[in-house]
Structures are given as structure tokens and as C-alpha cells.
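Q: One structure, as C-alpha cells, below. Some questions next.
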């Protein structure tokens, strides 16, 4: 009679936009594991299968590392080429970027590595004139045209093929990792389209970065490889372990910082991060980093995006400007989050949201028109950051390094004393100030449009510009006033005491920290960029200050704010719930509500159950001994119930509407005249989670968070009183924080 | 009538050698926090107090960092001096170590930095003869004498003043962090005595390191500063957050690796590690590292213990010897753990344990006698490791770098091609092989004696020796057979292709990994030592291989093995429980046991309660509606019950033995003739944790682990059936793993 051999169908046991039950997933995996272990003793083949199963986790990590490293390399190369395509083309081979074109050229001299005859700007190629106002206007026009073309392609591809490919993806990945289901968000189409449109979006010159989307791309890779192994594809809990590791690999390739990637995954995105995942994440991050290094997209065999080496230590007094940069970062974070969320809410609620293509075109147009005239905004943002981070060496040709040289300088190349700024530096300062304002404003409108867009790079750019300006100011002050009391001790004339590049780096860390509220992973990423423990203290000081300042204005970082905006059911581990409410205040049914929909163990008919299923939309029903005693015996999932009754009606003779459903161990022997009973104990969860009505809500929140529950039953002295779902918990938390509880939309 | 204003006395609510209840600690902290927040609106003074309270966590971290960094610096300096004292003395200032003595001397030449007239060996000082057999014997004799004196002092101090100061302390700290109480283990005396005896033990030349004990010292600092703030001193849960961070600071100063320290705390020792603790640990680790750097005990303004810089990359083919070193590390780990545990068990169970002083003296004597003749064991182990890690530069005078130089060498200093080994290298190899065997054997007997002893350094030494031997072998093979197919591609004649120092480092990582089973933190510590991402792959390969090999022979690392040996109630997060047992199989009372000791809500008299307390030693009792219905209403702690009754009998009129104890909300109005009732609802925990009897044990284990429970009640359809304590869970797990369940001794 127990025909339901597999009461839980293996795949898609959860509906779209629903929360998974971590405990159930875990126990399903233990069952599977137990089955394989016991089978492995039977034959050699089963033993091999069990070994393969045990190793599949590492294999998945290896594959994720390889694919995400490769994709990151391809993206880097393509972005390089297409960014340069906006300005000109390489005559010797049109698929070379500006740098590659001139590197392969023999006619380049060391002084002017950027200028070689093979590389021609569009105006030069089309009209033959490289200089002059006409050429400038033509180049300007073509720059805008290319930018519009790229962004139009990007937004169209996203709209048509994969709507989930837009944005940075990190808020959604955080939600998914916490146990939410969004089907297709990490699918093959999303992977393909996000990779292609990311290249287009970045190349179009918009104020956005590729770092966040790379995390999304890596997670898509993770999801892709999960489907190769039933261990991961059929278990939503195990799948999330893989995705956590994939996120680490994503950051690892985005910055070339494997340890930072692991800590980012741990600190920022992951929800359930057991030690095993820590080891595997580290492995995946390493493989990804080394794959990327083998592809060598930056052509310098460096792993990292912005490699810097500084030669001078920092001094205690410099902590003051560093902390000020931290304050600036915190303020920028607050401003950005508030303004961006307000704009995104406007997009969601007004007509604006209906014209995503137009919006992207308009923003691209404005960006291109304003960016071209300023050399610091014309180039790609990562090049800009790279230049701002750099220390001015002796051979530097950049405008930012236009210092007035001491004629009798005879120092080694590495150690250049502080010098007065030349006219180039002053004009650079003006341009940087304009670039700062431009970046601040345009980024607010860019992040959240319907194209792939990360905000690591724009945030870092804002911070790096501000930092470099402060750095140059301090440097000039120290040079011209080295007899001031604060400079006296550490800055003798002729010494190299201020490194403006370090200020840029500190500023970048501060701004990134203000927006995302990362601390440890941020500092570790920055530390991996420089490779010197020396500068951890300045970075830490700025990151912590920025976090404190930003937290004073609002606890949520940009990702949490977007999660809230979208109403995802995300139970943040960082929110401390400190209110004095009890489970009885939160549970349903409330006072005056109809009583809780329950089933009894031996007195409900098939018809009653079907009516209950039709009339309600709950995910499951508690089963009690009888309506009078209200003693709880278990919990049954709506899905299982529907399936079981459907099956029974089709396949089991004698099950009719008036059949009694039994959840007891043994159905009584009924006279033959009664309809055949339906025994459903197999689908009954005999260990539902319960708390008493007096349990403080802080404990309930803790239990939901740590055990990953979907719902929890409330009892008083053994009597069932009500139920609390994750949505109830989140709504209660929102209410307690004076937010709109209706903003939590999913279950 | 509710006279019990403070039903939970704040301090020492737990007995010694008992487990804390994490949920209760957490909710007590929330209460405290709520109180402070609501008060802070009352006056400015309260607001300041609340701000101070919010910042106290960071203040504690700062203090921990400062003190543990200072102590580590002092220990380093003292060890340096006392280790050299065994050989000789500085005439210009007796408190100088050999190195300091010769650095301050003006007569030192660059070639022989180690030899200066101010530093005299004992024989030279006493007899005037520096050379000759007589001088050698006298030096040998005095070396042994000093060693015996130091170790005798160390063991005596430990025995007399602080028995808890012995061993590495990490197993106990792991247990304490998981929620166990061992009073005095982190006390002031332990701090003082451990610091002093650690210096003595390391200086005595025993095969032990200072890294593990430094973690203990840092945790003692943490505990010390906890007592300054009632927030931490009165809450065992919050205190453990501070201790986790202190452990990170300890590793940070032990190796000069702040990030590695944080990951060590996360991966190896901590139990409950919220994000807030991550940030604070990082801060404490940084402060500690920078304090140590300011003290600059190594005189090279480097943060790290073994700073190395390699100049050549590694090649794919080298992964084979690296993986072999990993296998060696795993085997060494297994051997060491088995042998050491067997020896420690022998010490516990036989007469041996009764003579700790004699044991230490004997082992020191044997160590000193055997160590002196071999130059690689005579010096301190960390110096040995440092030399083994080093690449042979052009100026290296060590015997290990006695290569036959190519006469027409005209390369830069950094890049020395492979050369044939000279006689010095061959004799060094022999001595190293002997040192390896000696270290392997003596370390097994040393770890676990009644003196402070860490095993990071001895394990690393074993691995470094093995690695260096393998490295030299590969190097010579590559030099002499560079036409072999495996060397052909990467090792042309005249190239510098093998770095034996790197092999030593990989070997050290492998052996440390085999013993402790760390992976990520180990690799990060090693990475911070070299500062190059380059070598992460070799290190990772060795660490992971070593873990796999060692895990194949037994899941427990050395710390877990010692926890098991001592019978501490430690619920390892890494143990996966995969058996098919249910809560009903584990709960007490068992079949045939007397029924569960329960109280009823309104029919137990004071006398009944007192009898129950006297007759049983349970930590608490469930309270039910009545013995017939067995409906659970709450749980009452034994301690609270005893206190409440004692108080009531003393202070409350009319409470006599026949008074009825009421746990209900309202006691009924009794006739005046009846004795005064005793109302105890205030001490009743109305939200005890329950599971049903059908709950799989894997879920129960998960709940105990994640929520940090002490006990859990078992019900079936609202009826109380039994109770499961942490001890029951651990005993059940031991039983399922075919271990002796009686080995779990504490509750």
C-alpha cells in the first residue's frame, strides 16, 4: 500500500521565489551520503562511485576556477580592445588594443610608448589629419557614437535574452545564498549574456565596473557545474556551498586577490559558510587567479589589477588626513546609497521604468559628451585608478608627475625627494576636481540601470581622485612649510616623505568601505594589491572610520539597501534584534483571525484536505491529534500533500473523497463498507520545529538565522497555538525598525 | 512577595567544569543592552555611559593587542638572551645576546659577524682557552647545566604556582571557547607564570616552541581585560568573543602574521565567530603585530619570524616533490599524534605522571646531551628553521651554502645559478638527517610535559629539515642530470632552477598541516612570511596532501586528540554525524531507568523539591502541568531553585517544608490554615528547547552545535518524554564512532 517510494520528488521541490528549508536539505544530503556509504561496501564499482562522489566537490571547484578565470581573462582582453576602439584602430591588426599595437611595433621609442604609427585615431584614418579642431570634433563625435552603439547593444541583449543579467547581481546572490530561490538567475543564458553585455557596458565608457558582475558570472559558472553532479544539482543547500565558493573565485579574478576573495565571500555574501566551504573557496579562488595569470590580460604577468609599489613608509601624523579620507568615504557612501535608492525607487514606481533602453542611451550620451573633454574621465576608469595609485617615478611621463626637478638631483631612481609641483600638476588638479564631481553625480544614475554594472570601480575612482588631491595638497604643504611643527619631525627638506599615491589608495578603500561596509575583506584586497603589511594600518584606519561614519547615518550597505528595495526575504546576520517581543506577538493566527488551518491525524477526509488546499495558500499544515486536544504530532508540506492525494486518486483503488486520511502509525481495520483509508504518515514530518509562546523573539530570530528554518510552530504546554514563518519574522523586524512591513514580499 | 529581584546572580552562574548555555548568555546580554539603551535617553551621563559601553569592545581589543604584543616582544628578547647564555656571556654588557653583543661591537668585520672579542664562551672566560678538547667539554658540560637549571625552574614554577600554565593550552582554549568553564585557566597567575616559564622552557633547548603558549598568553590577556568591563566579565558568551579575538592576536605576534592569526582563530580554535568578532580580531591582531614591530625584537624591523625572499619561480614538475613532502607531512602527523597520545595516556595512567619534575629533568638532560654535538640541534629551533628557509645568497657563510663556485661567475648577486654541492653541504646533509631523527623522537616525548610547550616550531623544524634535504637532492639531480627529460624543459645549465629553501618551507607547512590539520590559515601564515602569491600553489598542494593523508589515518588533529584524551565536552564543528539514530535513542531516562525527575506546576511541596535536589545531581528539572498529563511548561535550573528556596526559608515568613511550590502565573487563594505558598514562576524558563522523539540525531547535533545548548527536552505530541544533555550527545557520538562513551567526563 505504501506506493509512494519517493515521497519527496528530487528536483524542484521548491517553488520559484520561495525560501528553502536548510535543515531538510541537510538531512536529505545525509540520507544520500548514508546510502552511498552503505552501498560502497557492496562492490568495487560502488566504491569507485562513492570515491567520485566524495571528490566531486573539489572537481567542481577546479572547473569553476578554470572557467571563471578564463572568462575574466577574455572579458579583460575584450574590454581593452573595445575601449580603445572608441578612439582608434590598429592598422597592423585590428584586433589589437592600443597598448598591444604599440608593443608589437618596432618603431616605438621608450619615451613615447603610447604613440606609434600603427595606431591611428579615427579622424587620422578617415581624413588624414591627426591634429586640429576638425579632427578633435570628429574623434569626439565617433567616441560618442561608439559608446551609444555599445550601450544600445548591451541593453537590448539584456532585455531580449536575459533580464536577470542586469545590475551587479550581488544583492540577489546574497539573497540566493541565504536560501531563496530565483530560477534562471544563475542560468546558462544569464551567464552568456552577462559576459557579453558586461564587455559592452564597460567599453561604452559608462561609470561602472566589472567587479560585481564578475561575481555573478562566477556564480553562474558554479551553478552550471553543479548541474553535472546530482549531489549538488538536487540539493539546494549543497548548491549554495558551491555558490559561496564561486563568489570567492569571482572576487579573486576581479582583483587578483584570492585571500581577499575568500574573505569577501565570508564577510559580505555568504550565509552558511562551514569550514569545508572555506577550504574549497580558497582552492577555487586560487585556481581562478592562476588561470587568469596564465592568460595574462594585463601583459605584466601580475595577478593584480592595480599593482603598486611604494618606497617610503608612512608617518603617524599622516593618520589625520587618512582618517579625514575615511570620513569623506563614509559621507560619500551615505550620499550614494540614499540618492541611488531614491532614484531606483523612482524608476520602479514611475513611468521611468518603462523605458530602460532610452534611459541607458540617455545616460550613455551624457556620460560620453561630458567625459571626452577631460582626459581623466575619457580613459577607462581602471586605467584612471591605476594612474592615481602610482607613485611618481623618475620616468613617469604623466601630467600628474609634472614636478619641478631639482637640477642637481643625483639620487637613485626609487627615492625621489619631495619637489614643488609644476604647472602640469596644477592643471591636473583642476581636471581631477571636475572628474570627481562628474563621477559622483553620474554613478548615482548609472548603478541600477538595466545593464550589467558594478560599483567597486566607480567607488574606488571617487575615492582615489579625492585621495590623490588630498595627497598632493599634503605633499606641497610639507614641501613648502617643512618648518611647521607637524612636518618638522618627519619631513626634512630633500626627503621623500609624502606619497600621494598612497592617499589615493586609502581614499579608494574608504569610499568602497562606505558604500559596501566591508572592512576586513576590503583591507585584505588592498593589502594583496600592494603586498606590504606596512600600509595595513592606514587602510584599516580609513576603512573603519568610513564604516563608522556611514553606519551613523544608516546601517545598511548598498547591497542590503537594494535587497530591501526589492523586498527579498533576507535575514541579515548583522542585524541585531533587541526588542522585547515574544513569539506569541508574532505568530499567526493573530487575535480575531480565523483559527489555524490544521489537519487531524485520523479524522480528516480526502475532501476536507482538498478543500483546505484549495482555500488556503499556506506552504504546509500542522497535524494534530484532535481539534480538542490540539497536541501537535507533525507537519506536512502542501506540495507533498497535493502530490500524494493526486497519486492516490489515480493509482490506488478505493480512495474517494470520503476516504479518511490517516497520519497515525496504523490505520484501524475498518469495515469493508467504509471507503478505503489513505495512509500518509510517510509524508509527515515528525520532527517539526517548535518553540513555546513565551520564547523571546530575539531567540526565535537567532534560531531562524542559524538553522535556516522556513517556519516554526508555536506551542504552549504541548498545545499548538500558531505558526511563525520567515516572512512573519522579517515583517516583524521591519515593523520594529519603523519600516513598512509590507515591503517584505516573498516567503 | 516577589522578593527575588535578581533571580540570576550575575557572576559565576556556572559551576567549574560545566558547559554554558549560549542562548541564555545571549539573551542576558540583550537585556543588558536594552537596559542601557533605554537609560541612555534619560541623561547626558547615561548617554556617555552607553557610548562607553558600545566602545568597550574596541578598547579591550586595543589593550589586548598592546599587552600581548609587548609580552611577545619581551619573551623574544629574553629567549634570545637566555639561549645564548647557555654558551657564553657578553663582556661589555651581560644582558646582551650574542648577536646584540657583536652588533654593538666596533671590532666586528663584515665576514665574521658572529665572532667578536666581547662575546666569550664560558670555557674561554673561565680558563682562558677558547679552543681544544678541554674547552669543548667544559662548554658542553655548562650547556647541559644551564639547560637543566632552566627546565627545573620552569617545571617547579608551574607546579607550585600555576598548574594550568603547562602544555600548549590550545586544546583547553578550544574547549573553553566552545562554552566550557575551567576556572583559573586564563587567570592572572597563569598569565604571569606561563610567560616566565615559557622563556625558561624555550631557553632550556627542549624541542618545543613558543607559538602555542603565546596564544594561551594572549587569551589570558583577553580574560584579564574582560574583568575591567562588566559587559564581558559578567557574560560568559561575550567573554568568549573577546577570547577568540585574543587567540588571533596571539598567532599574529607568534608569526607576525595578522591575517593568518585571524584565520587561525576562525578555522582552528573558535566556536562562535560572528562577523563583529572578525572585525575586532583583525583589529587586535593588527595592534599586536605593530606593537611587536615597535619593540623590534629581531632587530631587522621585520614583522615576521622567518622572513624570506626567493628569486626564482617554481616549475610544474616540482609539484611532484612538493606532494611527496605533503605525504611525508601527513605520515609524520599521524605518527606524532598516535605516539604522543599513547605516551600521554601512559603518563596519565601509570606511575610516570607522579614525577613530572623528574621527567622534565630527564628529557632536558637527554635533549641537551644529544643536541650539543650537532650544530643544527645545538642552536635554537627557530634559528635552525630560519637558516633552512633561506636561499643561498652570494654572501651566505653557512655550511649549507658551501657550493663549489663557478670561477667565471659574473651574475648579479640575486641570481646565482645552480652549482655542484661542496663538502660542507654533504656533511650538513648528514647532520641534518641525524637532527631529523632526533627531533622526531624527542618531540614525541616533550609535548605534553608539565611545562609550557608549543609544537608549531618543532613540527616546522621536522618538515623544514626533510624539505631542505629533498630540495638539495633535487637541486643536485637537476645540476648533474640536466639532460634528463624532466629537467630538460626548465633547467638549462647555468640557470637557477631549484630553490632548496622553498622545499624547506613547503615541508614545514606539510608537517604543521599534518599535525594540526590547518589548511587555509596555514597557507596564509606561510604566505605572510614570504609575501609572494607565487608560492601559494606549492604550499597549498603540500598542505592539502598532508591533510588528506593524515585524515586517512584518523580524523582528529593533535588538539582534538588531546581534548578527547582529557575528556572535555567538545562538540567539534567538523565531525559530521551521519548515523540514523533518533532523539528517542539518546534521551534519558532509558528503558528500565527510573522515570524522569520532574516538578509539577502546583502540587510539589518545598520538602519534595529539597529531597529531589539532594537525591539527584541534575543541572535542572523540567516542570510539567501534572504527572498524569506530562505537558511541559518550563525548565528550572537546579542552582536557581536551591537559591530561591534558601532565600525564601530565610526571609519569607510562613514558608515551611509543607508549603506548596507554585510555578503557575497565579497561586490560588488558600485558606489561612494552609502554609504560605512559594511562588517561583520568576525562576522558571518558559521557553525551554524541545524536539520531538522522532527528530533525527543529526538534526539534534546540529541544533546543539549551532545554538550552543546545554540540554534539550524531548516530547511526543506535547507530552514530555525525556531529556538530552550535551554529555549525552557527545557520548552517543563517541559510541557511534566505536569509542568509549565513558571518556566524555564533564557536562
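Even glycines carry a Cβ here, placed using N, Cα and C.
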Q: According to TrEMBL, which stretch among A:375-394, A:395-414, A:455-474, A:475-494 corresponds to the feature transmembrane segment?
A: A:455-474
Q: Given A:117-139, A:140-162, A:163-185, A:186-208, which one carries TrEMBL's transmembrane segment label?
A: A:140-162
Q: Looking at A:283-300, A:301-318, A:355-372, I want to know which stretch TrEMBL calls transmembrane segment.
A: A:355-372
Q: State, in range form, which of A:140-162, A:319-343, A:428-448, A:455-474, A:502-527 has the highest count of Cβ pairs under 8 Å to the transmembrane segment (A:242-266).
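A: It is A:502-527 that shares the most Cβ pairs under 8 Å with the transmembrane segment (A:242-266).
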Q: Near the transmembrane segment (A:319-343), which residues from the same chain, at least 6 beyond its ends, have a CB less than 8 A from one of its CBs?
A: 440, 443-445, 447-448, 459, 462-463, 466-467, 470-471, 474, 503, 506-507, 509-515, 517, 537-538, 541-554, 556-558, 561-562, 565
Q: Helix, strand, coil residue numbers for the domain 'CBS' (A:684-742) per DSSP?
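A: Helix, strand and coil residues of the domain 'CBS' (A:684-742) number 24 helix, 19 strand, 16 coil.
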Q: By DSSP, what is the split of the domain 'CBS' (A:587-651) into helix, strand and coil residues?
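A: Counting residues by DSSP class gives 24 helix, 17 strand, 24 coil.
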Q: Report yes or no: does the transmembrane segment (A:355-372) come within contact of the transmembrane segment (A:140-162), defined as 3 or more CB pairs under 8 Å with a sequence separation of 6 or more?
A: yes
